[in-house]
Amino acid sequence: MKQRAKFELRKPLVLWSLSLAVFSILGAVRTGAYMLYILMTKGLKQSVCDQSFYNGPVSKFWAYAFVLSKAPELGDTIFIILRKQKLIFLHWYHHITVLLYSWYSYKDMVAGGGWFMTMNYGVHAVMYTYYALRAAGFQLSRKFAMFVTLTQITQMMVGCVVNYLVFSWMQQGQCPSHVQNIVWSSIMYLSYFVLFCHFFFQAYMARARKSEKAN
């Protein structure tokens, strides 16, 4: 495996990333519109604790599509391996744990899921658009890559806040969830936050300092 030449796969990668970008954009628009409507008409608490996200006429489809999409998204890893790029811990850990947690939580229709899915759709819309443009050969600013990582870090922080709100309102009998689910979700979001912050520092801050010293 080490001795074989790497596969270029530029065109398949463009199509792959573009298809996921379009899917994520549509998902972000549809779920975002629903969550914004609930937030503006019924308030923050209802938007967090609301379970109708899982069975609404439109949001139900996108919630189900979200859960199913976590399996084909593992295709990212296949491209990395075939193109002989570095497969970092953050990548496979994030993909596998999100897949397992999504499948585990969907059946219980836990509170907070609407925000979790909407945020993920939004971040992936930006991320896969970036991947598609890069694969197509566009020379993108370093700031674009930094922005993608910052949106991921922000997602993890908001995810922790949503978990806190779910736990607080669950104590009042207003948010349908389970302590075990909140614990696992919080562990995931906190670990993602640490890993993405570390990646941001290593990929952008540390390299910038090295280039400054070299100059």
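Backbone N, Cα and C define each Cβ position, glycine as well.
These numbers come from a predicted model, not from an experiment.
Quick look at what TrEMBL lists:
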TRANSMEM  12-37  transmembrane segment
TRANSMEM  112-133  transmembrane segment
TRANSMEM  145-170  transmembrane segment
TRANSMEM  182-201  transmembrane segment
Of 12-37, 145-170, 182-201, whichever stretch has the most CB pairs under 8 A to the transmembrane segment (112-133): 12-37
Folded-back contacts onto the transmembrane segment (12-37), same chain, C-beta under 8 angstroms, at least six residues removed: 47, 53, 56, 58-59, 62-63, 65-66, 69, 73, 75, 79, 83, 114-115, 117-118, 121-122, 124-125, 127-129, 131-132, 135-136
